[in-house]
Amino acid sequence: MTTSTETTPIEKPKRNYNILFGLTLLALLVLLWIALSLATPSFASGINIANLLRQGSMIAILAVGQTFVIITGGIDLSVGAIVGFCTVIVAMLINAGFPVWLAVLATLALGVAIGLFHGFGIVKMGLPPFIITLATLTSLRGIGLLMTNGNSISIKNDAFSEFSRNSFLGVPNLFWMVILVAIPAYIFLHHSRWGRYLFSVGSNAEASRLSGVNVNRTIYLAYTLSALCAAFVGVLLASRIGIGNPTQAEGWELQAIASSVIGGTSLFGAIGSVHGPLLGAFILATINNGANLLNVNSFWQRIITGALIIVIVYFDGLRRRGK
Amino acid sequence: MTTSTETTPIEKPKRNYNILFGLTLLALLVLLWIALSLATPSFASGINIANLLRQGSMIAILAVGQTFVIITGGIDLSVGAIVGFCTVIVAMLINAGFPVWLAVLATLALGVAIGLFHGFGIVKMGLPPFIITLATLTSLRGIGLLMTNGNSISIKNDAFSEFSRNSFLGVPNLFWMVILVAIPAYIFLHHSRWGRYLFSVGSNAEASRLSGVNVNRTIYLAYTLSALCAAFVGVLLASRIGIGNPTQAEGWELQAIASSVIGGTSLFGAIGSVHGPLLGAFILATINNGANLLNVNSFWQRIITGALIIVIVYFDGLRRRGK
Amino acid sequence: MILSTLDGHDHPAPDAAVPGQPILELKGLEKKYIGTHALKPVDLAFKVGEIHAIVGENGAGKSTLIKLLTGVIPRTSGEVFWDGKPVALATPNEAIALGINAVHQEVVLCRHLTVAANMFLGEEDTRFGMLQGRTMVQRAQKIIDDLGFNLPAHVMLGDLTIGQQQLIAAARATIRGTRFLIFDEPTAYLTRKETEQLFALIRRLEAEGVTIVYISHRMEEVFELASRVSVLRDGTLVGTRNIAETDDAELVRMMINRSIEQIYHKDHFEPGETIVGAKNLSGKGFEDVSLSVRAGEIVGLYGLIGAGRSEFVLTLYGREKKSAGEIFWNGKPANIRNEHDAMKLGMALAPESRRDQGLCLNLSVGTNLNLPIYKRISSKLLISGAQEKSHAERQIGGLRIKTAGRHALASSLSGGNQQKIVIGKWLNHGAKLFIFDEPTVGVDVGTKAEIYRLFSTLLSKGAGIILISSYLPEVYELADTLHVFRRGRLVASHAHGQASHEEVLTEAIGV
Amino acid sequence: ADVTIPIIVKDTTSFYWQIVLAGARKAGKDLGVKVPELGAQAETDVNGQISILENAVAGNPAAIVISPTEAKALGKPIDEAASKVKIIGIDSGADSKAFTSFLTTDNVQGGRVAADGLAAAIGEANGGKVEGKVALITALPGAGSLEQRAEGFKEQLKAKYPGLELVADKYADGQATTGLNIATDLITANPDLKGIFASNLIMAQGVGQAIAENNLAGKVSLIGFDSDDKLIKFLNDGVISGLVVQDPYRMGYDGIKTALAASKGEKVEANVDTGANLVTKANMADEKINALLNPKLD
Ligand SMILES: Nc1ncnc2c1ncn2[C@@H]1O[C@H](COP(=O)(O)OP(=O)(O)OP(=O)(O)O)[C@@H](O)[C@H]1O
Ligand SMILES: Nc1ncnc2c1ncn2[C@@H]1O[C@H](COP(=O)(O)OP(=O)(O)OP(=O)(O)O)[C@@H](O)[C@H]1O
Ligand SMILES: [Mg+2]
Ligand SMILES: [Mg+2]
């Protein structure tokens, strides 16, 4: 009876695991890229890579914001509407003669206000996130349409429109914006205490509360960040298409959520990262870009997208369970 | 062995509570109706009531199916796409000369197959419900478009188209269909053991499994019922618009979910009823109908819808917490 | 009364298996999790009609064994024989069909269903396919009443306290025509009175020839009930003893491979200043409670389930609103609006329900341990990785939390080890007043002794402690002042050792 | 005003239909008629439009002006409505003989005009050679008028411009950004692409942006449909070679006017074609065209 504690093989630490998981989605993305490079010569061209980066950028930023909310166990259906609405606001402000930086700042501030309103609805009014953000979605589109009367507002500032077209060091500005969002988001989520609080609230709000976490403030924070990301995307979209139009970005909320979930975020909260949603968004963008280059019939394209989503998430799940 | 454990103050049984809750949403609906009758003479006219019943019917049926899924803690984003797809299938079958009853049965069977596929994805492939149903949403629209080449199929059977326009005993047939779905659904959810299992799986899947509940079968069941309801709505929609068109019913999934949540269903599962979603759907229909009659600008209509959703769910929440 | 007929179901009565013959035999049963060898090959036979206790340290593999026997998890290797025939035990249904049932360690029931619905889950009464809701409530009520649990059958399970839920779980397991019933720490959340009721129930089952497996960290329960006892250590079966041929000391030695001379370790300190005082405090679940805690003393709160102790401390801690009365901190009236205020003053609360209030189960052990102190271990913006690591590892080492590492998920720990996290996070934080609500639920003897020693350390540093426990020996031995709660009121107070167990119990029940 | 004539458009959120509504509003003011402005939330929302039509009939108006989203689907409901009130159709047809009057732009004809415009632009850019690859981008599947434009465009290409090869026939999801992305990818995949027809306003904006983004003005010719500030600017900058422009304002105005006359029992013309015109940089200053490009909204 002297058997001492046998050392059990120590489980892989969770963090490494997460990075590995990220890596393997990355592997999938790279695989897609290799396959497409072989299938069509134009895929690997510099110009197409730039296009691809541009095409995935906006959903990627939305997905990062959305992920903060999903980690707390919530959902933000309003991001598409915020994007559309903010294209209108920034377009109007610029056309009214405000300097671009001021117009952008004001638009971002509006995003913060919308996010705070969501937090208020959830925390103070006790509304389910699904409902309050759905209501904002509906109302914001209405307000935007009312302001523009269904018209698009043509932005009369070429420098502003140029921004999204240009590159810096050979990388499209839009992709720089992803980096600009992703790095602070990564530090915030994985290396700051507020990031920890997002996870803990999503895992068990009551336990967090009893451990001194300000649960309400954490929820405000998550929705504000999501809306802020959306407002930022609104500015980028206005720059890219050169108009303010409240009906734009319809359905982007679902794309953002899908990117996030493909990237490993759990809709039950407490599981998620920053790199996951980014990879998710660029996987979706690659599928569309590839299908366009291969001139796949638009209808087939939808079918393939659906099937690929299933396959990707399935294999990803297999790998995670297998570990 | 005499008294020992002190009796806790006995709370009202949950069932009564549920019915009361239903009643009060009903009160809200009635209030809306009274207000609208006073505001516009045409609201209370027989023809308008018939219109209103018709307009709310399809979302109501979808919402009931969706509620089964939400009670298990899942979500079904595909219902709108199934509706659109099934309009195509039933139209093609009828035009191919199949008798209407057979065409309808075949379409419903297809709905069941789609639901089983969802169950398979969730249970066997371990996919999150959000992902598998989002993938089906995308793919089904693609398949439908491919089958119709983007065109609408005109249904060459007047009897079939007439059905949704006609009434029986002064009540529109479409509303009869709601009753046809709601009564078995009510019995199923609240008075059968399978209904009970939906709740238990949503509340604690592990506990249910340990009690010998077949959790997998319950999940298959929920998604099958939801898809079946959607296929049925597809048949009704085909009858109402007289065409098969795969792009119809876009966004109806969100309307169905919203109706369900307004009706008191919890997106975290284990809480829900049949009458709740029905009331939710008709409240939304009334808001739209009233706004049309009052000639509210369609942009304002969106803003008001959003605001009313917040107000209704807020007061409903207040009342429930107050109890 | 024959329990298996109590619910009117026609379950096969335990056939006339000969008492003393093996009914369930394990040969080389083994379970490996990724990274953890939870159960090393075990050979063990359970005899018909015996009460077989299983003891062992936290994480020794007791619950794992139970989960294997009830088809909850698949085994890695080995064989199980039921009545001499090999069985797969691949699903819970298979176990239930054989007549193997369990009351699991964590209450696994559905909070959103009624008590009655939970009791009959999976075996509903139906007529023409329709649920007989009212009949089931009546039957459930009758069963509950017969067992002497005074609980309503029609309320939502989630509205009951955990202790009450545990009783329901026990009641539920007994009505399933069972031949083999496993209790995994059933008394953890029960008071002495309820424990007696449960024991009566277990003896009745034994008399009917049901084989009982009983897991507990409380030695006196093992000696009171069991006929044989098996000891697990680190997933290995160390030995099986007839209860008559062993004693406390031997079992403890087998369990932890060393001996402890004394479990209830208590140093006396000269009480200092009053830290916290409640004056005529009322709130949800309790009324007009006045008491105070001084530096260097342990104030114990004893009472039956639902006596209002938890609600009282939650109100002190700012989680619930007080309806009347006042709270004093360091002699001055304190306005505590929320938990954060309480923490800032210097309070720490380890809540009673680790699942609902204590732990973020799907986060890592390290994150859970550091949750209250992230502010302290962050520079302006960033968390100090080194401090995060050192604080987590100090508690893992100090409390001997059995885990694959600080990155392992809290949910992968055994019940007792989870409980250690709930306590450990407040040790990291440090405070003037520690409130421990049922701190040793599910904790093994060795660790219990360490936790009590830890109390002394806290006291020696000038802290005060409020200790709530439904386990009378614990509060009785440790508390400098013992307050007894009954129906939300503080009915009696005693200094250490002043009143006997019986007196305290009588006051708590109020006969 | 006691007389009410609702107008039901396909999609209130699009600028084109807002111009129709503006025309109707003006007519209402001029003629002393109350004109509720109704419409579906999206051009594909057939069921929504049927509901709106039902609601409008319930209000007992003098007549109804409607632009059916879907010819077949709206046939029966319009027949039924026509049994209670006079129905005037605008813009697009329906499978119903119950229209008292019908003011239409022939969308198939619009598609043909676009093909002609594209051919002319490609010819001009390539020294008279009308040949090369062209693409068609449709905003979203399932919208009747867009299908008709596509039909006319493809028909005309086949019939008159054998040198133009349609290499891609793409559907977007109604979003300008998607149009932009598709156009960018098409240009990447077909570096020798000569022309694109973007068959509605929002697609023309997206595709125009793609051409501007890649500095392909003059290399890839673009024909759009309908107009607004942004597209006119593109036209001026040479990014867009031509726009097919209808007369939505007149459709709205004359729709109400005709409906009022019909409701009074006056005889009205059964079919009116309001025309589709190709606007290029060359003719955009013409008075008639200018009026189309800049309708007087209030
Ligand atoms: N799902 C799991 N994944 C990985 N390891 C696990 C899992 N469940 C349990 N373990 C590990 O298996 C070992 C045995 O756990 P078990 O729950 O059987 O202990 P126990 O004897 O019941 O302890 P306690 O007295 O604390 O309840 C522990 O080291 C635990 O961490
Ligand atoms: N969620 C709830 N809903 C209704 N009543 C509750 C709820 N939680 C607790 N109560 C009631 O409040 C009173 C005080 O409960 P409390 O948990 O404070 O008692 P306790 O002395 O700590 O007992 P325990 O040993 O069960 O923890 C009891 O009557 C209990 O039933
Ligand atoms: Mg255990
Ligand atoms: Mg308690």
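Positions of Cβ are set from backbone N, Cα and C atoms, glycine also.
TrEMBL labels come from automatic prediction, so no person has curated them.
The structure displayed is predicted, hence computed values, not measured ones.
Here the transmembrane segment (A:20-40) has long-range neighbours at 12, 262-264, 273, 275-276, 279-280, 282-283, 286-287, 290, 293-294, 312, 315-316, 319-320, meaning same-chain residues at least 6 beyond its ends whose C-beta is under 8 angstroms from one of its own. Annotation comment: TrEMBL describes A:20-40 (among others) as transmembrane segment.
A Cβ distance under 8 Å defines the sequence-distant neighbours of the transmembrane segment (A:52-71), meaning residues of its chain 6+ beyond its ends; these are 79-80, 83, 129, 164, 171-172, 174-175, 177-178, 181-182, 185, 189, 198-199, 202, 221-223, 225-230, 232-233, 236-237, 240, 252-253, 255-257, 259-261, 263, 265-267, 269-274, 276-278, 280-282, 284-286, 288-289. The transmembrane segment annotation in TrEMBL covers A:52-71 (among others).
Positions annotated as transmembrane segment by TrEMBL: A:101-123 (among others). With a cut-off of 8 Å between Cβ atoms, the residues of this chain six or more beyond the transmembrane segment (A:101-123) that come close are 74, 76, 78, 82, 86, 89-90, 93-94, 129, 132-133, 136, 140, 216, 219-232, 234-235.
If you look up TrEMBL, you'll see A:129-147 (among others) marked as transmembrane segment. If you look at the transmembrane segment (A:129-147), the same-chain residues 6 or more away from its ends with a CB under 8 A from one of its CBs are 69, 74-78, 80-82, 84-85, 88, 92, 114, 117-118, 121-122, 223, 246-247, 253.
Away from its own ends, the transmembrane segment (A:168-189) comes close to residues 46, 50, 53-54, 57-58, 60-61, 64, 67-68, 71, 195, 198, 229, 232, 236, 240, 272-275, 278 of its chain (Cβ-Cβ under 8 Å, at least six residues beyond either end). The feature transmembrane segment is assigned by TrEMBL to A:168-189 (among others).
Cβ atoms under 8 Å from those of the transmembrane segment (A:219-239) belong to residues 57-58, 61-62, 64-66, 68-69, 71-72, 74, 76, 78-80, 82-87, 89-91, 104, 107-108, 110-112, 114-116, 118-120, 122-123, 129, 155, 160-161, 163-164, 174, 177, 181, 194, 198, 201, 248-249 of the same chain, restricted to positions at least 6 beyond its ends. Positions annotated as transmembrane segment by TrEMBL: A:219-239 (among others).
Among the features that TrEMBL reports, transmembrane segment is placed at A:260-287 (among others).
Here the transmembrane segment (A:299-318) has Cβ contacts under 8 Å with residues 21, 24-25, 28, 258, 261-262, 264, 283-284, 287-288, 291-292 of the same chain, all six or more residues outside its ends. According to TrEMBL, the transmembrane segment annotation covers A:299-318 (among others).
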Which bits of the chain, at least 6 residues beyond where the transmembrane segment (A:260-287) starts or stops, bring a Cβ under 8 A of a Cβ in it?
18, 21-22, 25-26, 28-29, 32-33, 36, 52, 55-56, 59-60, 62-64, 66-67, 70-75, 178, 182, 185-186, 189-190, 199-203, 304-305, 308-309, 312-313, 316, 320
